[in-house]
Amino acid sequence: MTGKKSSREKRRKRSSQEAAAALAAPDIVPALASGSSGSTSGCGSAGGCGSVSCCGNANFSGSVTGGGSGGSCWGGSSVERSERRKRRSTDSSSVSGSLQQETKYILPTLEKELFLAEHSDLEEGGLDLTVSLKPVSFYISDKKEMLQQCFCIIGEKKLQKMLPDVLKNCSIEEIKKLCQEQLELLSEKKILKILEGDNGMDSDMEEEADDGSKMGSDLVSQQDICIDSASSVRENKQPEGLELKQGKGEDSDVLSINADAYDSDIEGPCNEEAAAPEAPENTVQSEAGQIDDLEKDIEKSVNEILGLAESSPNEPKAATLAVPPPEDVQPSAQQLELLELEMRARAIKALMKAGDIKKPA
């Protein structure tokens, strides 16, 4: 009887344990889900279930513990990834910061170099210290060399910036040729003034003023020569003309003969005209006290006129033979004025002829 009771009690205990295990089984499933999500609390409850392995569910409980360990590994990998991301972000930020600092230092230096390259007067090759430096005016006798030195001073880059829009497409050789043509037209004096900084218009005005003063002095000298020659001719030949005017009808022929003689005398060498002494201009003398002198001059002039008429075949002989002996009649004021005008006209005509002869020579 005791044996049967003990077996019954054992069976009851087993059934109660199985019922307790069956009741605990639905609690293990949410524990696995919580363990797979990485929560350590689910893993701990699964570990508690592992203590019930005495009922033969050891394998199941072992799987529960494994799920807990898997959750812990998943959580650790996510932490490592987040740390790696943080490291990458810090590395990228440090690299970008260093690049920004480098650009801050590099860009100003590049800008300075470009600015200096654009605005500097230095050209390729630099300055040759072996060649002695001389001013541009030193080469004024050789205009071609002076132009070459000017182009070396300015340089090709700066010249291209200085050129107007019309000459932008021209080459350096064409520009040099144009400059050479313009330079040949300028005098050395004007080039020196331009190099000294004087205005070109001022130099042109000065040159025109110099030319005008020269022309004015030439005109004044010609007028002086004309006046001197007219006065000398008038003083020397006036008495003869006065007495010839007193003739009856042949006065014009006599005056024409005298005019040819005066022209031949005036057209002589210029040196003789310059060397001729300037006689005082006392052309009008008193009428009463000069009658005897007039008679002598009349006789002399008549003889000269007769000699000229015989020597010139073109003149008619009747003109010289028809001159009557002069009478003692004083010339009128109108005759004197006409004679003076005629003498001046002859002197001007002779000077014009002399100037025409000098020009071809």
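Even glycines carry a Cβ here, placed using N, Cα and C.
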Among LYS104, LYS144, LYS193, which is annotated SUMO2 cross-link in Swiss-Prot?
LYS104
Given the candidates SER34, SER120, SER221, SER264, specify the residue that Swiss-Prot annotates with phosphoserine.
SER120
If you check Swiss-Prot for phosphothreonine, which of THR40, THR90 comes up?
THR90
